[in-house]
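K.L.:
Handing you this structure, nothing more for now.
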Protein chains: 2
Amino acid sequence: MPLLPSRVASANDPTSPFPLNNLPYGVFSTRSAAPRCGVALGDKVVDLHALEGSGLLNAGAGKPVFDKPSLNAFMGLGKPYWARVRSRLQALLAEGETRVLPNAALVPLKNVRMHMPFKVAEYTDFYAGRNHAFNVGSMFRGPENALPPNWLHIPIGYNGRASTVVVSGTDIHRPLGQMKPHGSETNIFGPCRRLDIELEMGAVVGTGNPMGKPVTVSEADEMIFGYVLLNDWSARDIQAWEYQPLGPFQAKAFATSISPWVVTRAALEPFRCSTPEREHELLPYLREPKPMLYDIDLSVRMRPEGAASATTLSRTNYKEMYYSAAQQLCHHAIGGCAMRTGDLLGSGTISGPTKEERGSLLELSWGGKEPITLDTGETRSFLEDGDEMTLEGHASGDGYRIGFGDCVGKILPAPAERNWG
Amino acid sequence: MPLLPSRVASANDPTSPFPLNNLPYGVFSTRSAAPRCGVALGDKVVDLHALEGSGLLNAGAGKPVFDKPSLNAFMGLGKPYWARVRSRLQALLAEGETRVLPNAALVPLKNVRMHMPFKVAEYTDFYAGRNHAFNVGSMFRGPENALPPNWLHIPIGYNGRASTVVVSGTDIHRPLGQMKPHGSETNIFGPCRRLDIELEMGAVVGTGNPMGKPVTVSEADEMIFGYVLLNDWSARDIQAWEYQPLGPFQAKAFATSISPWVVTRAALEPFRCSTPEREHELLPYLREPKPMLYDIDLSVRMRPEGAASATTLSRTNYKEMYYSAAQQLCHHAIGGCAMRTGDLLGSGTISGPTKEERGSLLELSWGGKEPITLDTGETRSFLEDGDEMTLEGHASGDGYRIGFGDCVGKILPAPAERNWG
């Protein structure tokens, strides 16, 4: 599919992340407009509430859905409604279209503040990138025992914390916590010393399933509204001490950042690709009837406090995952777990096979043994206060890109210690 | 403190779980009344919405809070409001009080249907009972290595699934899932064969903390609105295959049952007791300035399909926990995790030191090696379809009890298998 030309000229630039082919959804406000739903188009945000108010757009729910400070009402309507709105917007915003848009309908992106695009019902994080699992497993158990016995059979996941999922641009406090540093006889309390990122994609559940009613992989795919970039901030020293036997807890609970824009499944359709060849055939319930991964280029940049520019630390691709989000969602519901509008599923860290494709500092610095040199000449094993991390991602079409908007977060010092007693 | 006599005579029976000293909160409906908030008193439910409407009760929020189908609005107001309403209700409902109550204010318990008392924001489950951790650890790693190295230093917990927390009386489908039975070469898919319960208490968070702002143990204690009985249904075979390295996931996601009534911290105040003596002193942030556990007798009953009566399988006490809910909540927020109104914290399985005090079938049947004989003559290692499990709990005061209402759930067959391909 080629570029769809838009009446918004900036959307026709082949390097724009937001052509008419994309139309990612987000929640924005301006000095005069309370948070509401919009789509990005070139250097503009299309105010869907304004279009709805003018009668040009009708999601079909019988009442407004875009006046709200979250996408949940619209997402909950389901696929036929998503398709109708997309088709209507692509017509209204096409090049040569002359219907008059309300004055307030096109807002310059530089004038808006982005908010969390949806209310996160629950957040689940997976561990479904084989290179990442192999790298981390090798560091801790040696390459022979790197993958746990279940790894090639189950998309391994754990429940994360929804209350601290934040939108790009939100600063992140270094967490306090309990840890037992390497070589130390005793456990201690204090600020995390091995603070890390994880480069992930997040799948956003649009429509759910009732408790006790599992879904197939195909049904799961249809339940997904769209995808975001996701940074699963991680406190490696807290994690190492706490994670046995029940998994990561406070090491992951302090923050998860997502991109401001949710790119729809419809926009990503041309970029579907297959999961890698299976070493063991999956059980029937997990087999994909068609390609359900996506070819999306991803990168990680770090900018230390005060530096003029950022250093690119890693470049990889979402297609490195061993399991797709549809497989993860199917597995998530297979025991009868109810999934709901607004559930967020992190893919797991995305690392390619080479060193330059690793999606976490833990892997890039090999557990701190091989510090990374930045363009500024500084070195890093883990994050320092003031470091700003940016995830970027886009799919590349024929003369256009499908982008997510950067996912940015900067590290602030740990909260002051208190008199805990 | 002695029994507080009530104008509702049935509340003065010393065996009633619901005297005026208790006043636990729940959400109920009748044939003519939509779900709304109430408190249990003797054999009645006091309709708080009716009291609010008549002007006899004012929570102080400037608008009604008890007309809603959840306690969240009231819980979010905080401790001074909770205290004001409790004191007002104890005055209005005291013996000898003559203010006329609206006709609809007292509804027979036998005529109401109970609903989820609050909207669960997020659900976290802990592993903070030492006897349980020792028993389970002994089965899997031998008694020498039963407790993980961190166990005596951290209240170990993991994020659970909020979407499947259900109120007592909700039937539970046996989950489907992936497992690798003992001795099998390959993993298989099918209905869980080792279905279990876990006897727990749940702490309900009334007021939260912002992201990046940890709280002390004392502050955490004040954030807790009340407690429920909690049955953390568990699929042991699914758990054994999936839980490495990131913890329980689908083995716990299919259902968690809670009692219909939330017993407030105020009602439990006379029953505070200390956590057991520490083997290792805790880090300062986890130390309790005063007793924060409670002396609550607990029991587990099983009634097989068609049996006239239930067999009591276990009797234990909440004071067996090594960590209090206040310590768990403090630890949960210590890295900066935001806690919110409606968060539910499971205590972890409560087992006493003797066999008769074990809070799970896994422990009672020692991994299935020592089946339990029921009063009917049948035996059980794990749950069979049709089994009905009941948790009961109460604190014993001077001539009165503080009860929670039974927490009941019955096992239905697994969902029919589908053509997954």
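Residue numbers in this text run from 1 along the chain shown.
Heads up, the Cβ atoms here are built off N, Cα and C, so glycines get one too.
Because TrEMBL annotations are produced automatically, they should be read as predictions rather than curated entries.
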K.L.:
Per TrEMBL, which one of B:TYR127, B:TYR227 shares the substrate site with B:ARG141, B:GLN239, B:TYR243, B:THR349?
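P.N.:
The record-listed residue among the candidates is B:TYR127.
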K.L.:
For the Ca(2+) site that TrEMBL gives with B:ASP125, B:GLU198, B:GLU200, which of B:ASP171, B:ASP221, B:ASP232 also belongs there?
P.N.:
B:ASP232
K.L.:
Apart from B:ASP125, B:GLU198, B:GLU200, B:ASP232, which residues in this chain have a Cβ no more than 8 Å from the mean position of the Cβ atoms of those residues at the Ca(2+) site?
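P.N.:
Residues close to the Ca(2+) site, other than B:ASP125, B:GLU198, B:GLU200, B:ASP232: B:LEU199, B:LEU230, B:ASN231, B:SER234, B:LYS252, B:THR256, B:GLY346, B:SER347, B:GLY348, B:THR349.
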K.L.:
C-alpha of B:ARG141 (substrate binding site) to C-alpha of B:HIS132 (active site, proton acceptor): distance in Å?
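P.N.:
Per the Cα atoms, B:ARG141 (substrate binding site) and B:HIS132 (active site, proton acceptor) stand 14 Å apart.
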K.L.:
Which ones, out of the binding-site residues B:TYR127, B:ARG141, B:GLU198, B:LYS252, B:THR256, lie near enough to chain A that their C-beta is under 8 angstroms from one of its C-beta atoms?
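P.N.:
Sorted by position along the sequence, the hits are B:TYR127.
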K.L.:
Counting all other Cβ atoms within 10 Å across every protein chain shown, which of the binding-site residues B:GLN239, B:THR349 scores highest?
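P.N.:
That would be B:THR349, with the highest Cβ count within 10 Å.
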K.L.:
In three-state terms from DSSP, label B:GLU200 (Ca(2+) binding site) for me.
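P.N.:
Reduced to three states, the DSSP call for B:GLU200 (Ca(2+) binding site) is strand.
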K.L.:
Long-range neighbours only, meaning 6 or more apart in sequence with Cβ under 8 Å: which ones does B:THR256 (Mg(2+) binding site) have?
P.N.:
B:TYR123, B:ASP125, B:GLY160, B:ARG161, B:THR164, B:VAL165, B:VAL166, B:LEU230, B:ASN231, B:ASP232, B:TRP233, B:GLY346
K.L.:
Anything within 10 Å of B:LYS252 (Mg(2+) binding site)? Look among the recorded positions B:TYR127, B:HIS132, B:GLU200, B:THR349, comparing CA atoms, and list what you find.
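P.N.:
Checking each Cα against B:LYS252 (Mg(2+) binding site), there are no hits.
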K.L.:
Out of B:TYR127, B:TYR243, which has the highest number of nearby Cβ atoms, where nearby means within 10 Å of its Cβ, if these are the binding-site residues?
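P.N.:
Of the binding-site residues B:TYR127, B:TYR243, the most buried by Cβ count within 10 Å is B:TYR127.
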